[in-house]
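Q: Sharing a structure, written as structure tokens. Questions coming.
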Amino acid sequence: MMRLLLLPLFLFTLSMACMGQTFQYSRGWTNGKRALTPPSLLSHGHFNRASDLGFSDLYDVQDWSSERRLERCLAQLQRSLLSRVYGSVVDFNANRPEPDSSDSGSSRNRANNNNENVLYPTPIQNRHHSSNELLEEISAAVAGSGPTGAGSGEPSVFGKH
């Protein structure tokens, strides 16, 4: 008879301990340390008994206000970046290669060109090459097909940067 009473009591106690640990962990009260009280709400005399408060509600309010501030800051940053990018559209379009160039690899360069995705337009066109393009340019320069001639041991690619 005693076993029938102790087993449900033990299971209930174990489940309540697990729920309590989960509650404390979700509120940041790990290792017996409670999270710090928010000084802005408690120092102005709005709440007199800090032990009776539901601190999770206070932290939700505090997180919400900081999230709103963060959203406003990110929106301002995004607007400034967009105005910087769209303000220099003339310079940005001047750096693009001409579509009617007679280069044999121009279609490959246009397909791998990252100018459409760049946030900050740069006047240096060679920064947006992929690693395969750079490898091909270096191997072509070493083979002697570069503008420096076949006899030169120095590739012309490194002088551009």
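Glycine too: its Cβ is placed from the backbone N, Cα and C atoms.
So Swiss-Prot says this about it:
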SIGNAL    1-20  signal peptide
MOD_RES   Gln21  pyrrolidone carboxylic acid
MOD_RES   Asn31  asparagine amide
REGION    93-125  region 'Disordered'
COMPBIAS  102-117  compositional bias 'Low complexity'
REGION    142-161  region 'Disordered'
Q: State the count of C-beta atoms found within 10 angstroms of the C-beta of the residue listed as 'pyrrolidone carboxylic acid', not counting that atom itself.
A: 12
Q: Are there residues at least six beyond either end of the signal peptide (1-20) with Cβ under 8 Å to its Cβ atoms? List them, or say none.
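A: Same-chain contacts beyond the flanks: none.
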